[in-house]
Amino acid sequence: MKKIISVLLLGITIFTFAFSSPALAADTVAGKAVFTANCAQCHAGGKNLVNAAKSLKKEALEKYGMYSDEAIITQITNGKGAMPAFGKRIKTENIENVAAYVLEQADKNWK
């Protein structure tokens, strides 16, 4: 009987973790809200109003070594060139969410 209960509990645990989203996964819905409030002025639709060549389109992100969570998080946090740093104004979790949103949209060609 103990063995049956143990197997049942193990099965429930595996099922629960297999079909639930990870606690640390970025939230692209929240990322969209933060992007809209802080980034869309220059990057609406994945464009770049300051430097058109460095858009947020997948091809441009890949070309400039920015097609990763880490690269985008670093860029948002520290800024570079004409882009200001947002690390002191936006929480780390929200920056991570924006990075996930940008990559998701880049994969969809911002449609």
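Glycine is no exception: its Cβ is also placed from the backbone N, Cα and C atoms.
Since we're looking at a predicted model, the values are computed, not measured.
According to TrEMBL, the feature signal peptide maps to 1-25. The annotation domain 'Cytochrome c' is assigned in TrEMBL to 26-106. The heme c binding site annotation in TrEMBL covers Cys39, Cys42, His43, Met83.
Structure with TrEMBL features highlighted.
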residue: Cys39; record: heme c binding site; CB count, 10 Å: 19
residue: Cys42; record: heme c binding site; CB count, 10 Å: 15
residue: His43; record: heme c binding site; CB count, 10 Å: 19
residue: Met83; record: heme c binding site; CB count, 10 Å: 17
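Residues belonging to the domain 'Cytochrome c' (26-106) score a mean pLDDT of 97 in the model. Farthest C-alpha pair in the heme c-binding residues Cys39, Cys42, His43, Met83: 11 Å apart. Highlighted in sequence order, Asn38, Ala40, Gln41, Asn48, Leu49, Val50, Leu56 have their Cβ within 8 Å of the centre of the Cβ atoms of Cys39, Cys42, His43, Met83, the residues recorded for heme c, and are not part of that set.
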